[in-house]
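Copied from TrEMBL, the annotated features are:
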type: COMPBIAS; residues: 15-32; note: compositional bias 'Pro residues'
type: COMPBIAS; residues: 33-45; note: compositional bias 'Low complexity'
type: COMPBIAS; residues: 83-95; note: compositional bias 'Pro residues'
type: DOMAIN; residues: 56-140; note: domain 'Protein phosphatase 1 regulatory subunit 35 C-terminal'
type: REGION; residues: 1-57; note: region 'Disordered'
type: REGION; residues: 75-99; note: region 'Disordered'
Amino acid sequence: MMGCGEPELESAAVPGPPPEPPAPEPRAPVPEPGLDLSLSPLPESSEPRDGSPGRRFRNLVSLQVPEEQVLNAALRERLPPQARAPPPKEPPGPGPDMTVLCDPDSLCYESPHLTVDGLPPLRLQARTRPPEDTFLMHRTLRRWEA
């Protein structure tokens, strides 16, 4: 509305000098001499840096990993760990002497009556067994019960 006497606002930009860029942020203050700077950030110098890649790219880790190494690591994660075979056990030594607490003269012996009509009488002979067989039999029975 132009006839009201109010100046009309222009929609176009006013020609003139461009706006000033924002002021750069102030840098960190220079520390006093004699202070420990081990935790301070490295000062940025305004000088151009050396363009040699040897000085700029030190202590970098290679990102190229062999495909076989990646596959082996993934396979190890998925498979259950291999059960190791237990080391071979030494055979047990001789067992304790079972006759230590008894007197052989006071032992009673029994003999079975194994007569059958028409057959000659059988002659039974006792066979001695080593004392460790008793403990082997006991261990075997315990395993069967478990």
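Every residue gets a Cβ built from N, Cα and C, even glycine.
Mapped onto DSSP helix, strand and coil, the compositional bias 'Pro residues' (83-95) counts 0 helix, 0 strand, 13 coil.
Secondary structure of the domain 'Protein phosphatase 1 regulatory subunit 35 C-terminal' (56-140), assigned with DSSP and counted as helix (H, G, I), strand (E, B) and coil, comes to 25 helix, 0 strand, 60 coil.
Per-residue pLDDT, averaged over the domain 'Protein phosphatase 1 regulatory subunit 35 C-terminal' (56-140), rounds to 81.
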